[in-house]
Amino acid sequence: MEAVTLENQTITEFVLLGFHDVAELRLLFFIVFTVIYVSTVAGNVLIIVAVVSSQRLHTPMYFFLANLSFLEILYTSTVVPKMLQGFLQEAAISVAGCLLQFFIFGSLATAECFMLAIMAYDRYLAICYPLRYPLLMGPRGCLGLVLVAWLSGFMVDGLVVALMGQLTFCGPSHIDHFYCDFMPLMGLVCSDPRVTQMTTFILSVVCLTVPFGLILTSYARIVVVVLRVPAGAQRRKAFSTCSSHLAVVSTFYGTLMVLYIAPSAVHSQLLSKVFALLYTVVTPLLNPVIYTLRNKEVHYALRRLLYIKHTETRD
């Protein structure tokens with residue numbers, strides 16, 4: 001009876017187990033993910049600095065890219081530091097802190113869903129309506145779209161967290177994950193979670209499929225228009241720009257859809273963590289790599305920035 005009583009006690013603190021099932025690799029994982037995290041932050045900061053400092057990059061495309069980079073920095077910083085702590089010691093977090101982490105992370109992830117759709121729509125207008133593009137994507141319009149993306153993320157996940165805050169969490173107090181994700185938290189609830197689960201499922205479907213549908217539609221129209229252009233530099237440039245965006249999109253949306261719309265497709269908790277790593281760690285790292293690897297304008301801005309810094313250092 002005592003064990004049952006303890007099992008049903010309301011708890012105030014969780015312990016994130018992280019990758020406890022591969023304990024012998026914790027030090028290696030700590031080093032690898034620390035390097036990835038530092039590289040992610042540094043790469044995205046470089047993109048933001050390049051866009052802000054270069055007049056050539058003061059265009060809607062790079063304005064959205066700078067916002068995406070800022071999202072990625074906040075996004076990965078919400079999860080990775082706690083994960084790194086778990087490799088070295090027990091990662092305890094209060095219930096309120098856990099819900100706050102989920103709120104911030106979920107809001108930023110939702111905002112990124114909309115931001116990627118906005119970037120696809122921007123490329124669609126630039127390629128399909130080049131003459132009307134400056135009018136359609138003016139400064140006010142760009143700012144309005146970015147504000148909608150950010151506010152939508154915090155409103156959607158604010159509703160989810162408000163519903164989660166009404167639930168009672170019971171023992172065990174261990175979360176078999178490296179951050180406070182929705183499904184592991186629902187496994188610790190001893191009150192009725194059906195309203196919260198249904199609301200989260202509906203919002204996940206809307207916030208993933210609607211932006212993803214807009215992205216697919218935008219790129220389908222782009223492909224049709226680009227194929228009409230005679231083979232040459234313009235066609236290669238258009239496909240290069242769009243392919244880099246699609247590489248980020250496919251990784252990000254693919255893993256989120258598996259985990260939040262069809263979680264039954266993931267048959268083990270370890271596999272779930274691996275999928276989570278793809279959108280919490282890998283995607284934020286890919287963003288600066290993909291957008292700078294094949295982008296001459298960003299290359300030029302970064303080289304110019306580094307040259308100026310080098311000159312100032314010598315002086």
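Note: Cβ is positioned from N, Cα and C throughout, glycine not excepted.
Per TrEMBL, domain 'G-protein coupled receptors family 1 profile' is recorded for 43-291.
Per TrEMBL, transmembrane segment is recorded for 27-49 (among others).
Among the features that TrEMBL reports, transmembrane segment is placed at 61-80 (among others).
Marked as transmembrane segment by TrEMBL: 92-121 (among others). Through the fold, the transmembrane segment (92-121) approaches residues 11-16, 61, 64-65, 67-68, 71-72, 74-75, 78-79, 82, 145-146, 148-150, 152-154, 156-158, 160-161, 164-165, 169, 175, 179-182, 185, 207-208, 210-212, 214-215, 218-219, 245, 248-249, 252-253, 256, 279-280 of its own chain, all at least 6 residues removed from its boundaries and within a Cβ separation under 8 Å.
For 142-164 (among others), the entry in TrEMBL reads transmembrane segment. Here the transmembrane segment (142-164) has long-range neighbours at 60, 63-64, 67, 99, 102-103, 106-115, 118, 182, 185, 195-196, 199-200, 203, 207, meaning same-chain residues at least 6 beyond its ends whose C-beta is under 8 angstroms from one of its own.
With a threshold of 8 Å between CB atoms, the same-chain residues lying at least 6 positions outside the transmembrane segment (201-227) that come near it are 110, 113-114, 116-117, 120-121, 123-124, 127-128, 152, 156, 159-160, 235, 238-239, 242, 246, 249, 253, 256-257, 260-261. The feature transmembrane segment is assigned by TrEMBL to 201-227 (among others).
The list of residues near the transmembrane segment (239-262) in space but at least 6 beyond its ends in sequence, with Cβ under 8 angstroms from a Cβ of it, reads 109, 112-113, 116, 119-120, 123, 182-183, 200-201, 204-205, 208-209, 212, 215, 219, 222, 226, 272, 275-276, 278-279, 282-283, 286-287, 290-291, 293-295. TrEMBL lists 239-262 (among others) with the feature transmembrane segment.
Per TrEMBL, transmembrane segment is recorded for 274-293 (among others).
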Next item on the list: For the transmembrane segment (274-293), could you work out the same-chain residues 6 or more beyond its ends whose Cβ comes under 8 Å from its Cβ atoms?
Entry: 33, 36-37, 39-40, 43-44, 46-47, 65, 68-69, 72-73, 75-76, 79-80, 105, 109, 177-179, 181, 244, 247-248, 251-252, 255-256, 258-259, 266, 299, 302
Next item on the list: Restricting attention to the domain 'G-protein coupled receptors family 1 profile' (43-291), give the mean pLDDT.
Entry: 86
